[in-house]
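Chemist: Mind looking over this structure? Questions follow.
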């Protein structure tokens, strides 16, 4: 029955479904709809990256995939469980073969169009005094000697096609900077401790790079609320320049947000210090 306590106990013990991650270099992406719903139910926001099929030339509303913050990925692994989806090598090979066939067909079509365009230009350039025989001979020579270079092929890239990636230097830089699962440092640990503590208090968090902080802190779903705080993560014993404090406080005042200096204690809760600009003295 619905009120059976044994039923509630079974539901509590049932494991949450594992979320599947797809890695682009080292960036965790979510493609499956059920995974997006699962992380949203856990209060993890992420950032949508993909364009919508019917309106691809705008960036106001975006779609899948969903890019997770490193802290979101780590917290997801602790709470629900996350697994990297296996690479479908056979599917990738088949997609690459189809792409090559499509490119060859496009090359042949564009070769015909380019030849017709060149013929039209030649007919327009020939004067009426040249005679029909001369014109036909020139057209025949053009058709026999015409060659459409591969470099002139107009290519339309598909956002659904895999294989586009960074150059080796950029990939090495991203791999050294991004994956929180591969490297641990005091800075990343402080960010994660703050992220986990604020999420545990019921706040929603997104990246605050354009506001000069680590996280934007929302009292509820970002689709319904504006951010109230800009979280700046610092080690408890880390010194900070007074000018930097003034800059971030003034910035928070201009965007009508309170700046939080967040410092995780080694064996205790996270300590928060709020900054608000009160004016020039």
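Note: Cβ is positioned from N, Cα and C throughout, glycine not excepted.
Pasting the feature list from TrEMBL:
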{"type": "DOMAIN", "residues": "20-85", "note": "domain 'TSEN34 N-terminal'"}
{"type": "DOMAIN", "residues": "190-272", "note": "domain 'tRNA intron endonuclease catalytic'"}
{"type": "ACT_SITE", "residues": "218", "note": "active site"}
{"type": "ACT_SITE", "residues": "226", "note": "active site"}
{"type": "ACT_SITE", "residues": "257", "note": "active site"}
Chemist: Compute the average pLDDT of the predicted model within the domain 'tRNA intron endonuclease catalytic' (190-272).
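Modeler: Here the mean pLDDT over the domain 'tRNA intron endonuclease catalytic' (190-272) amounts to 91.
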Chemist: Measuring Cα to Cα, tell me the gap between residue 226 (active site) and residue 218 (active site) in whole angstrom.
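Modeler: Computed Cα spacing between residue 226 (active site) and residue 218 (active site) is 6 Å.
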Chemist: Please report how many Å separate the Cα atom of residue 218 (active site) from that of residue 257 (active site), as a whole number.
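Modeler: Checking the Cα atoms of residue 218 (active site) and residue 257 (active site) gives a distance of 10 Å.
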Chemist: For a quick check of understanding: among the active-site residues 226, 257, which residue's Cβ has the most other Cβ atoms within 10 Å?
Modeler: 257
Chemist: Quick one: give me the count of other CB atoms within 10 A of the CB of residue 218 (active site).
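Modeler: I count 21 other Cβ atoms within 10 Å of it.
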Chemist: What are the helix, strand and coil residue counts for the domain 'tRNA intron endonuclease catalytic' (190-272) according to DSSP?
Modeler: 27 helix, 23 strand, 33 coil
